[in-house]
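In TrEMBL this protein carries:
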| type | residues | note |
| --- | --- | --- |
| TRANSMEM | B:12-34 | transmembrane segment |
| TRANSMEM | B:40-65 | transmembrane segment |
| TRANSMEM | B:85-106 | transmembrane segment |
| TRANSMEM | B:118-138 | transmembrane segment |
| TRANSMEM | B:145-164 | transmembrane segment |
| TRANSMEM | B:184-208 | transmembrane segment |
| TRANSMEM | B:220-242 | transmembrane segment |
| TRANSMEM | B:274-296 | transmembrane segment |
| TRANSMEM | B:308-327 | transmembrane segment |
| TRANSMEM | B:339-359 | transmembrane segment |
Amino acid sequence: MLKSVGILLVAAVILFIEVPPLLEKKYKKELIVFSILLAFGVGLGIAYSFGKSIPNPIDLLTFIFKPLHDAITR
Amino acid sequence: MLPTVKINSYQFLVLVILFTIGTSILVIPSALAANAKQDAWIAAILGMGIGLLIVWLFTKIGLWFPNLTYIQVNETLFGKWIGNIFSFLFIFMTFLYTAILLYYSGSFLTIHVMPNTPMAATNILLAIILVMAVRLGLETVARSAEIFIVIFFILFFILVVFIAPEVEFKNIQPVLETDINKIFQSSLPLIVLSAMNAISLLMIFPAFINRPRSAKKYFLIGNIIGGLIITIITTLCILVLGSDMTAFQKFPGYELAKKINIGNFVTRIEAMMAALWIICLYFKMVIYFYAAVIGLAQMFQLKDYRPLTYPLGMIVVILSLVIFPNILEQSVYDATIDIYFALTVCLLLPLLMVVVYAIRKKQLKKNSDHA
């Protein structure tokens, strides 16, 4: 619980630093990409802090390349 | 569009050297010695030679369009949709490697230096300076690299001189006992780590350098210097620790520093030597992260890349904590899957680019004349 509060605090600090200059310059696209990435990061962080398993890109790569490796080394 | 800073050729050389040495100095000796035994030093030289060829290919690709980064070249050559898919693969790779290097540094520090600290703490600390460096821009990174390369070479010189009395030549005999196929096989991880991953430098190489044509030779020279340093470290590991011990260790370079003993007075200076690896690791990580952030910004055609750094830094930290459940899985990944992945993104795609460029050369020339 404490960890996720910490993550939200960090996210709040990041929002506080980044968003005002973006609004001032009217960078709409930047704001959208930034928000999506931040939401993704916060989501992952909270899931991790509760001990949930997080999709691991290595598993995906293993799934793709393992048959190739087996075929070559056999 | 994005950053307009330019670094000079010497700064680029320094970055290439640090990138080439990167993680290789810490883990490559054991990977080389695993199959090639006492001939690991031959494997290192072989890997260096083949790596040089690949880097030469990268410089060729870079100089087709001296004002564009790799992402933009992708888009010019393959068009918007296919180009973006390839760019996404590239960004995915650099981002994943950032997380893997963060894991490397975290596991190195928690195993050898601070055993009671949770890995999250070291990773967050390193990620903060990582994000800081990328936010400050390429010029700041290049200038700090200029300072750190001096420290690096001093420490490296101390290491080589101090370890020299421990050398035993019977450790590399008999020479060339191993099958040449095995030597080639074991040099593959070195080629992947030092040369193929240098494709990330294509985000810097033509576009952000003030004289790209003269920088081409610095790309190659930097690769040679880095390769030589890895060869020296590997040879020393074999000479001092012996091939079995080198292959057995997770971080043989660190074990090497532990062996230093000058008259029972200068001993156990490995913590100082750890600075060597951290410097290299850090700059390699910065280049990966920089490539990922700039790449993402260019893919979405953003006007500023800085807003992306904090969220991506946050994701990198979490990824580095979950990416490998234990060290065993990491070494299995490094020895098998990583090689295929790197071959796909760093060799197959550039070769495809060469083919497409050869076909579309005239049309592209015409377009640029009109533009």
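Placed from the backbone N, Cα and C atoms, the Cβ positions cover glycine too.
Bear in mind that TrEMBL entries carry predicted annotations, made automatically and left uncurated.
Tertiary neighbourhood of the transmembrane segment (B:339-359): same-chain residues 54, 57-58, 60-61, 64, 73-74, 77-78, 86, 89-90, 93, 188-189, 192, 196-197, 199, selected by CB-CB distance under 8 Å and a gap of 6+ residues from either end. Across B:40-65, B:118-138, B:145-164, B:220-242, B:308-327, stretch B:220-242 shows the highest tally of CB pairs under 8 A with the transmembrane segment (B:12-34). Within the same chain, the transmembrane segment (B:145-164) stays apart from the transmembrane segment (B:308-327): fewer than three Cβ pairs sit under 8 Å, each pair at least 6 residues apart. The transmembrane segment (B:118-138) makes contact with the transmembrane segment (B:274-296): 3 or more of their CB pairs lie within 8 A, with pairs spaced 6 or more apart in sequence. Of the Cβ pairs linking the transmembrane segment (B:40-65) with the transmembrane segment (B:308-327) and spaced 6 or more residues apart, fewer than 3 are under 8 Å, so the two regions do not touch. Panel annotation: around the transmembrane segment (B:220-242), residues 12-21, 24-25, 28-29, 32-33, 38, 40-41, 43-45, 47-48, 51-52, 55-56, 59, 156, 160, 163, 166-169, 171-172, 190, 194-195, 198, 249, 252-253, 255-256, 259 of the same chain, lying at least six beyond its termini, place a Cβ under 8 Å from a Cβ of the stretch.
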